[in-house]
């Protein structure tokens, strides 16, 4: 039994083991600030502190003065079960914070909580309000800006004044009458020089339509002249006249038809070609020539004259 009791006494932790040593320093880098078992954190009111102080003090010590003014002060932070050195350090830290808070100027009015739980703002002193108002008034004062004088006031000769006093006020009825009179005068204007465009003629006969025609070329005009000449020759011979080709090597063969070289119809007279008079009466030779120039040596005379221009070389194939 004695051995068992001795073992139990050795296993029980003592108060010195639970308290941290004074040499251990506190730092901001400590992440785990867990307190050992048995340590209680309490917030002591000033009344409780005074009661504890009276209990700790002896009967011979004089009583402490009443602390009625400390009721509104901030309740100090106190840890029970810690060493005296740690308690002094904590008190010194919080005292420094409180002194720094007192020295800092109040930039904004702080709200306080009344007894019924509603927030109330402190009333600003009335002495500061007129001073700020006067400072703003004095700060805004400056040289007044003079507005420029208008030009029509300083130089009235440059401006012309118009007045509508002599003009009668127009009504809606007068405007309507003026518009109708203008439209009636426009409708009475004759449209003699008006030519309706395509598909704008109101009549059913289609007068004034635009007819599109193909432009006439020079070759078509010459062909038309050929037909007119044929009709004239036929009517002079009694309707049975024949058209013969004149000799291509004649003097009329070298005549060219303008600058474009189109073929032309040439009707030689009997005085120029006496040999053509041997034919039937009313027969006229018609010569055709192209735009390409040909040599006379390659052509043979119609009547087979050996003294012709092509008799020396013989007939051309």
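A Cβ is built for glycine as well, from the same backbone N, Cα and C atoms used for every other residue.
In Swiss-Prot, the feature phosphoserine is attached to one residue out of 37, 92, 154, 163, namely 92. In Swiss-Prot, the feature phosphothreonine is assigned, of 124, 129, to 124; the remaining candidates carry no such note in the record. A straight line from the CA of residue 214 (N6-acetyllysine) to the CA of residue 83 (phosphoserine) spans 128 Å.
In the structure shown, the C-beta of 83 has more C-beta neighbours within 10 angstroms than that of any other entry among the modified residues 83, 92, 214. Broken down with DSSP, the region 'Hom3' (147-183) shows 19 helix, 0 strand, 18 coil.
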